[in-house]
Amino acid sequence: MELDLGSLLHTLIPTWNSVAVLGVYFGYLAIAGSILPGKVVSGVTLQDGSRLHYRCNGLLSLLLLVGLLGVGAQMEIVSATVISERGLELLSATFIFSVVVTMMLYVAGRLSKDKGSSLRPHVTGNLIEDWWFGIQLNPQFFSIDLKFFFVRAGMMGWLFINLSVLAKSIQNGTLNQSMILYQSFCILYILDYFFYEEYMTSTWDIIAERLGFMLVFGDLVWIPFTFSIQGWWLLRNNVELTTAAVIANCFVFLLGYMVFRGANKQKHDFKKDPKAPIWGKAPRVIGGKLLASGYWGIARHCNYLGDLMLALSFSLPCGISSPVPYFYPIYLLILLIWRERRDEARCAEKYREVWAEYRRLVPWRILPYLY
């Protein structure tokens, strides 16, 4: 036991190789995000009337990097399995990076004299709370919006971890139907995310959450390293699925995608044009502010339902022999219920009577007739 614990601790110690991998990765994303062509999207109007602008070239950046790494692997310049072989040290290096970056953000926020909405410091006086939730809304580094940058890095990191695990599975000769199903769902989901990257600019994290340890850790560590647990598990466990199980899994994924993408698209389109038709009809709007048509007339947080179904579909290829691969959907269920309660409280304070009317019209929070 002592030997196993010592070996585990040793693998958690970052090496210069893991630091180099992270440095090259972040460097590429910073350069590619700044120079590659992409649609420039205006963010929401902030309290001071200003608006940030986001270059949504994540899909091009991702595909270019995949291509470069593929060529590098063929030429044996880089190893396709490096992440799967150095996963724990990359995890610890990324965690340390998150802590250091958020400490720097805390100091920069405390020293800021900016009066604008993006950089005006929000200080409670509680060091832990200010470090955890952040002080500034949209801190930047060399004109790079860090909040947008980190979530992009996390989503791409999830894909590259999966691809490295896939390469390791092929190398080991253990590639099977379950791994292919899991990888296919994740690849489709992540590519879809970057295809609709502009929708991210209107999400709560981007428009309202300050950038502190909670978001940085969530983006850089939690998303890529915990959302890929199913792949790691399948790498070490052989799961044979029946045809019925495969069909059911595909159904859960497609239904979840339809709800998730449909709800987010409706909300995004409504914010751009409140008169845009929803399901072929004029939208029903409460108090001129809240959409109550389409998916948003079924449940107040219907996009969370789609997200939960997608998370479940990522775990179902692992079978039901262990709870480990279901960490992601279980965690997401807890997180989204907590977040939904936060959303409800904020919306009640912001919209008051309008929100009360919306709650009366749409009584269900996430799952109609159950919650």
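Glycine too: its Cβ is placed from the backbone N, Cα and C atoms.
The shown structure was predicted, so the numbers you read here are calculated from the model rather than taken from an experiment.
Lifted from TrEMBL, the feature list:
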{"type": "TRANSMEM", "residues": "20-38", "note": "transmembrane segment"}
{"type": "TRANSMEM", "residues": "59-84", "note": "transmembrane segment"}
{"type": "TRANSMEM", "residues": "90-108", "note": "transmembrane segment"}
{"type": "TRANSMEM", "residues": "149-167", "note": "transmembrane segment"}
{"type": "TRANSMEM", "residues": "179-199", "note": "transmembrane segment"}
{"type": "TRANSMEM", "residues": "211-235", "note": "transmembrane segment"}
{"type": "TRANSMEM", "residues": "241-260", "note": "transmembrane segment"}
{"type": "TRANSMEM", "residues": "281-298", "note": "transmembrane segment"}
{"type": "TRANSMEM", "residues": "310-338", "note": "transmembrane segment"}
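Tertiary neighbourhood of the transmembrane segment (90-108): same-chain residues 12-14, 18-19, 21-22, 83, 127, 130-131, 134-136, 139, 146, 211-213, 216-217, 220-221, 224-225, selected by CB-CB distance under 8 Å and a gap of 6+ residues from either end. Between the transmembrane segment (149-167) and the listed ranges 20-38, 59-84, 241-260, the one holding the most Cβ pairs under 8 Å is 59-84. Ranking 20-38, 179-199, 241-260, 281-298 by CB pairs under 8 A with the transmembrane segment (310-338) puts 241-260 at the top. Note on the transmembrane segment (211-235): residues 84, 87, 91, 94-95, 97-99, 101-102, 105-106, 130-139, 146-147, 150-151, 153-155, 157-158, 160-162, 165-166, 168-169, 172, 174, 176, 178-179, 182-183, 186, 205, 314-315, 317-318, 322, 324-325, 327-328, 331 of its chain, located 6 or more positions outside it, place their CB under 8 angstroms from a CB of the stretch.
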